[in-house]
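Take a look at the structure set out below.
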């Protein structure tokens, strides 16, 4: 099998999250997945639009709700790594044996450890552990809770947990209001977006940062690094700019990184390579490293995205956040097909490399299922070929065409592959 490589010339994605889905009919029915667009993904799980997953297609469990979501992943693969570890805390190598609280007591027919049945408490406790282990503790992540009872369960476990979360890890709540409508400043009734509807999944938050970069970096620029004071030549290095609009600080990427890390070492010991956040040498405001390098990645690798974003019409007042996910969905068929091919590349990448799933056809296929224990492997295997890209469509065993049509397709790469895979 040829080793496949993922392209490294893409900018940091505007949004990617790992979510915990819960049935509103039966709260013990849980599902873990990942997506770049939570609103679209939830609609798929609830059968409102094409897509979703076999497990969430059961009518007696719909509608589903997103109880919480972890966001801020720097790449799609990073989200998949975290998702797989969250789905499989009993075998993931990211959790050291001394910290593991989920253990496999049974084996599948293939001989691999069978995932223990999860509860809300086990998923939240393992989420807490993953956010404290070295693999993920310094990632620029955020946790958002949309269900009050789930947040209370999280707080209860956090008090009893031995490991502590990073102080700068944002934990945000956005619960449904007492009334779905609130009065605006003019006294008129208006809908206030909340929960996943309020998530900004486009690059709108980065737009002003990009506009600032467009003004600074040009062929006749005469600037110097704010840290080392060396002259900065156009297109001859990786230069970072502060996201604060009124700040004029420009630095080498390595200079800013070392500046942040030196400040961190004064507060804690360790030999970290990538900072989390730090104080801008210009405006002296705290800024997040991920915000800085996201603009840099777009400037260096996402020219088409930048041109479209800066050249797009302004969104009408009051609809910025609420429509960000609609903007993503209305980009056109051509871009949607391109995105689907990228998602399929992610699946192929893990199939061929990270998971070494050579015998995946004989294995229990990967849909994250915390529902009934008596689900057969055959039902899981139906969902194996769920790519929407016609170029990569494959035939599945002896199943009839009618049965295949009845299966809800997957998207957003929320599959887990359980072959010979003890991941990264």
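Glycine is treated like the rest: Cβ placed from N, Cα and C.
Swiss-Prot lists region 'Disordered' for one of the ranges 97-117, 118-138, 139-159, 160-180, namely 97-117.
Taking Swiss-Prot as the reference, the stretch among 321-340, 341-360, 401-420 described by the feature region 'Disordered' is residues 321-340.
Counting residues of the zinc finger (225-283) by DSSP class, helix then strand then coil, yields 15 helix, 11 strand, 33 coil. If you average pLDDT over the domain 'GIY-YIG' (14-96) in this model, you get 95.
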